[in-house]
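Since the structure comes first, as C-alpha cells, the remarks are kept for the end.
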Amino acid sequence: MSVLSDLRTVAVHRDFRKLFTVRLVSQCGDGMFQVGLATLFFFNPQNMATAASVAAAFAVLLLPFTVVGPFAGPLLDRWRRRQVLFLGNALRVVLGLVLAALMATVGVGLPVYVLALVTLGVNRFLLSALSAGLPRVVPADLLLMANTLTPTLGAVSAVVGGALGFVINLLAPAGPVKDGVVLATAALLFGAASLLALRLGRDQLGPAHRSGPGRLWRDVRATAGDMVDGARYLVARRTPGMALGVMAVHRFLYGVNFIALLLMSRNLLSDPADAQAGLATFALLTGVSFAGNGLAIVLTPIAHERMRPSAWIVVCLGIAGVSQALLALSAQRAAIMAAAVLMGLGVQGAKIAVDTIVQRDTDDAYRGRAFALYDVLYNAAFVGAAALAAAVLPDTGWSPAVFAVLTFVYVAVAAAYRAGTGRVHDRPVPVPGTELP
C-alpha cells in the first residue's frame, strides 16, 4: 500500500506523470524486446543452444550496460534530455523493425548481434536520461520518494512487457515471421514512448547549462579518472569495497549458474528439438527463482533486526552454496527447482545487504561513483561468467564437477568475507584527505 500512497503523492505533479508515462511505456518495450532476443538467441528452433552460443548472446545483452553506463552522464549534461528520449526511442523503432525483418528473412547472424548490441546500448542511455530528468519534474522534497518509486515500477513494467512478449511468442504462428513478431511489437511500444516524450517541453528536462563541444571529451576523461579515484577510495574504506567485491564474485558465480539453468531447460529437462518446451521450462524455473527473490525481500528486513548486514551476506552466500551442492548431487527437476529458489534467495538477500552497506559506509562525495562502479562490476561479472560457462559447461548445462567447485568457492568467499569484516570490526576505515571541496 505504501507504493500506491507514494505514487499518489508524486503523481499530482503533471510533468512527473508525463515523464513517468514515458518510462512505463519505454520499459515495457524493453522487457518485450529482451524476451524477443532471448527467444531468438536461446530458444530458436533453427539453432541448437550451446554453451558457446549462450555466452556470446549474453555478451551482446550485457556489454552495453557495462560500457555505456558510466559515461552517460557527460553526454546527458550536453544534450537536451527530452530530445534524447524522443530521438532515442525513435531510433529503437527503426532498429527493432530492421531486426524483425532480418529474422523473417535471413535469421540469426552477425548483423542481428550488432544491431541488438546497438539497441541495448541506446536502452541503457535512455534509462540514464529518465533518471537525470526526474529532478526537473518533481519538487526537491519529493525527489527521494520519486527516485525510489520510478525504477521499481519501471522494472515492474519491464516484467509485464516480458510476459506479454512470452505470450505473443507462444501465440504467433510457426514460420520465419514468428521470430520477428515480438521485436516488431516492441518497436511499436518504442514508437509510443517516443511520441509521449513530445508532451514534455524541449528544454524541460535540462540540462540547465549545456557544456560546449570541446568539453565533451574532457568530461569523458574526467569520468574515467573519477571512477579510478572512487575505486581507490572504496578499497581504502574497506567495508564498502569488500561488499562490492563480494557482490561481484556472487554475481559471477550466479551467472555461471544462470547459464547452466538455461542450458538445462533447453537441452536436459526438455527435448532439445522442442524449443517451445525449453522456453516453457525456463520460464517456470525463472519464476521459481523470482519466488526466491521475493522471499529475500521478506526475510532480509527481519534478518537485519537480528544481525548486521555483513553477517546476512555470509548467510546468503551459504544458502547459495547449498543450492550448488544440490545441483552437484542431482539433475532431477525437483532438485533443480529447489536450487533455483535457494539461489534466488541468496542472490537477492545479499544484494539488498550490499546496497545497504555501500550507501551507509560511503561518503556522499563518493556515493555516485560507488554505484557507477557497482553497475559496471554487476554486469561485467556476468559477462565474465558467460565466458567461463562457455569453457566449462557441457551443452546440457549439468556438470557435477562444476557445481561442486561452485559450492566450494561460495564457502571460501563466505569465510574470506567474514574474516575481512572481522579484521576491521565491521566498521568503515576513515580515509584521510577524501573530502571534496
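The backbone N, Cα and C atoms fix where each Cβ goes, glycine too.
Features as listed in TrEMBL:
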- 20-43: transmembrane segment (TRANSMEM)
- 49-72: transmembrane segment (TRANSMEM)
- 84-104: transmembrane segment (TRANSMEM)
- 110-130: transmembrane segment (TRANSMEM)
- 142-168: transmembrane segment (TRANSMEM)
- 180-200: transmembrane segment (TRANSMEM)
- 242-265: transmembrane segment (TRANSMEM)
- 243-437: domain 'Major facilitator superfamily (MFS) profile' (DOMAIN)
- 277-299: transmembrane segment (TRANSMEM)
- 311-329: transmembrane segment (TRANSMEM)
- 335-358: transmembrane segment (TRANSMEM)
- 370-392: transmembrane segment (TRANSMEM)
- 398-417: transmembrane segment (TRANSMEM)
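Of the ranges 20-43, 242-265, 277-299, 335-358, the one with the most Cβ pairs under 8 Å to the transmembrane segment (49-72) is 20-43. Touching of the transmembrane segment (180-200) and the transmembrane segment (110-130) is ruled out by the presence of fewer than three CB pairs under 8 A, sequence neighbours closer than 6 excluded. Within the chain, the transmembrane segment (84-104) has long-range Cβ neighbours (under 8 A, six or more residues past its boundaries) at 22, 26, 29, 33, 40, 76, 111-112, 115-116, 118-119, 122-123, 125-126, 129-130, 133, 176-177, 179-181, 183-184, 186-188, 190-191, 193-194, 197-198, 200, 205. Within the chain carrying the transmembrane segment (142-168), a Cβ under 8 angstroms from the stretch's Cβ atoms is held by residues 3, 6-7, 9-10, 13, 16, 20, 23-25, 27-36, 39, 130-131, 134-135, 181-182, 185-186, 189, 279, 283, all 6 or more beyond its ends.
For the domain 'Major facilitator superfamily (MFS) profile' (243-437), the model's average pLDDT works out to 89.
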